[in-house]
Each structure stands twice: as C-alpha cells, then as structure tokens.
Ligand code: TXA
Ligand code: MG
C-alpha cells in the first residue's frame, strides 16, 4: 500500500481536496496540526490503519488518536459525559485529547483502539487540519508522523526525512506552533486522569474542571497503553539536568546560558515547547551526545520534561 513517491502538497495553497480524496481511498497522508505533524489514515478502514502501524514500525498494542472536525462529530463515536462537554467547550479545537468509552455502532476499526473499549479523540485547532477533516467528513486516525520511538516531527521536512516514500502525500504548512503532542485526559474512569502531559498545561485543565487530575500509574498497561519509556530518542545519548557540556557533548540550553542551541534564552516554557523537537532534530543531525539544561516542571514544563526523560531513557 505504501507508495514509492510521496507527493508534497505545500507552499501557497496545498490541494486539500486531493489530500482528502487520498485519505478516503485508504491512503496515508501526513498533515500539520498545532501540536506536531500527524500521519493520517481513515479510522474506519482497517487496511488504512494497519498501514499506519506498518509505516511507523509501531507496536500494534499502542492505540491511536481519532481526529475529528468538530465536537458534534466526536460525540457520534463515544459515550459523551458532562466533563467531556466542559473540557471540549473550554479547549477544543486545541491540543487536548479525551479518552472516552466507545459507543455502539461506532464504525471505528478495532486496530485504532488496539482492542480497548475506549477511544482517544481530538479536534485539532490548526486551520489546515480542520479544513482537511471537514473535507474527509470522517474520523482520521493520526499518530505523530515519525518512525516509532524517534523524535516527533514539527516540520514537513522532519516527516519526509523519517517517513518519505511510505506515504501518499505530505501536506507542508510550515512549523507547528505548539510543538508538543496533545495533553491526554482519561474520562472513562471514576476520576479524570492525566494520561499524557502535553501542549495544554495540566493546571489549565484542573482549573476548568475545578478538581485535580489523577496522575497515571505508569505500571498500569490499561491506563497507559503503549506509553513506552524510551521514546523521542536521538541517535546519540542524552544527559539531563546538565549545567554545562562535557567534552564531545552538544549543549541544549534553557534560559540565559552558553550553549549550542537554546530552547528559550528568555526562559519561556511556551517558546521552549515549540522549539524542543526541532532543536533535538538539529542536534541529532550533528551526531554527538546531547546534554540538556534543567527545565522548570510547571505548566508546559511538565510535558517538556516528560519528553526529555523518554529521550534520555535506556533503550532496548
Ligand atoms: O498531538 C497529538 O496528540 C498528535 C497529533 C498528530 O494529533 N498525535 C499523537 O499521537 O501524539 P500518538 O499516536 O503519537 O500518541 C497517541 C497516544 C499514545 O500514547 C497512546 O497510547 C494514547 O494516545 N492512546 C490512544 N488511545 C488510547 C486509549 N484508548 N486509552 C489510553 N491512551 C490511548
Ligand atoms: Mg508519537
């Protein structure tokens, strides 16, 4: 199913009609979202979903997020709750994914959910993603468009370098604004649970809910399916909480300091989030180990530190 030639739909006005037609035909299309580039396939077509897992080399026990054009579309696939309504009204479209029990007759391929009874859904804010989803007029399964375990893509060039030749098309619409994957909140249990920190700060979600989010038990395969410890990995070793580079290392800084690349010289976590994956891609291309300065753990810092810890984790 994967084609040898990847069409790049880019620059001025990407041909979203063509991209939507490819998706409806069961082909894979990478598209920009405000978080990271997604590797899209029609969530109702098992063969398209299987092709996503194959293209990424992703273990098939790791479920995917279904992307929808609107809250109304999302409600058709899951058992909606008051808390889902509250969070969707507050943060959709945007970098938030909700996990809810599937509804009967949902039509989503069981490969998307890896056989779970719940579905992760998100309504992205990126205008190109929104127009594409409206044209497809159906749920699009989309993991981040990188080979499994590697650094997530925030530009079309990252997607092409990692997966080009395995996709029918890549929609190039410049760098992603947020730069970190969506925050995932589980609403299928008794208490809302933070399943993955991401591009929407947990504090904002807690303020909207008026209650704290339960923290995920990392040993629980059901609440955290496929959240593998080693992920986002550059080729060379990553060392965290470094105050300066050791000989041979490249320094990824935060705040005013001497370094090779700085996540944010002014100490902005929003800027650091937007720069994180792009800077890791750039340093990785130089083929030397990377030392990373400490990043504060509040707001978007929680997700930045989550990604950095996985990038630094021992690999199998
Ligand atoms: O920002 C994002 O979320 C990006 C863009 C493309 O939308 N997508 C993304 O997808 O990050 P992916 O596949 O890289 O991460 C999806 C995460 C995985 O950690 C998976 O385990 C979790 O969502 N997930 C999916 N379905 C789930 C479910 N039913 N219950 C719990 N976690 C689920
Ligand atoms: Mg990913």
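For all residues, glycine too, the Cβ spot is worked out from N, Cα and C.
Worth saying up front: this structure is predicted, and the values here are computed from it rather than measured.
According to TrEMBL:
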type	residues	note
DOMAIN	13-200	domain 'YrdC-like'
BINDING	35, 67, 122, 142, 182	L-threonine binding site
BINDING	58, 62, 118, 144, 152, 196, 232	ATP binding site
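Overlay of TrEMBL feature records on the structure.
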{"residue": "35", "record": "L-threonine binding site", "DSSP class": "coil"}
{"residue": "58", "record": "ATP binding site", "DSSP class": "coil"}
{"residue": "67", "record": "L-threonine binding site", "DSSP class": "strand"}
{"residue": "118", "record": "ATP binding site", "DSSP class": "strand"}
{"residue": "142", "record": "L-threonine binding site", "DSSP class": "coil"}
{"residue": "182", "record": "L-threonine binding site", "DSSP class": "coil"}
{"residue": "196", "record": "ATP binding site", "DSSP class": "strand"}
{"residue": "232", "record": "ATP binding site", "DSSP class": "coil"}
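Residue 196 (ATP binding site) has 182 as its nearest neighbour among the binding-site residues 35, 67, 122, 182, going by CA to CA distance. Of the binding-site residues 35, 118, 152, 182, 35 has the largest number of other Cβ atoms within 10 Å of its own Cβ. Candidate binding-site residues: 58, 122. Fewest other C-beta atoms within 10 angstroms, 58. Nearest in space to residue 152 (ATP binding site), taking C-alpha to C-alpha distance over the binding-site residues 35, 67, 122, 182, is 35. Across the fold, the C-alpha of residue 182 (L-threonine binding site) and the C-alpha of residue 62 (ATP binding site) stand 16 Å from each other.
The binding-site residues shown are 58, 144, 232; of these, the one with its CA atom nearest the CA of residue 122 (L-threonine binding site) is 144. Across the fold, the C-alpha of residue 62 (ATP binding site) and the C-alpha of residue 142 (L-threonine binding site) stand 12 Å from each other. Less than 6 Å separates the Cβ from ligand 1 in the case of 142, drawn from the binding-site residues 58, 142, 152, 232 in sequence order. Per the record's binding annotation for L-threonine, residues 35, 67, 122, 142, 182 show a top Cα-Cα distance of 13 Å.
Within the set of binding-site residues 58, 118, 144, the entry lying nearest in space to residue 67 (L-threonine binding site) is 144 (CA atoms). The Cβ centroid of 35, 67, 122, 142, 182 marks the L-threonine site; residues of that chain outside this set whose Cβ lies within 8 Å of it are 33, 38, 65, 95, 97, 124, 129, 181, given in sequence order.
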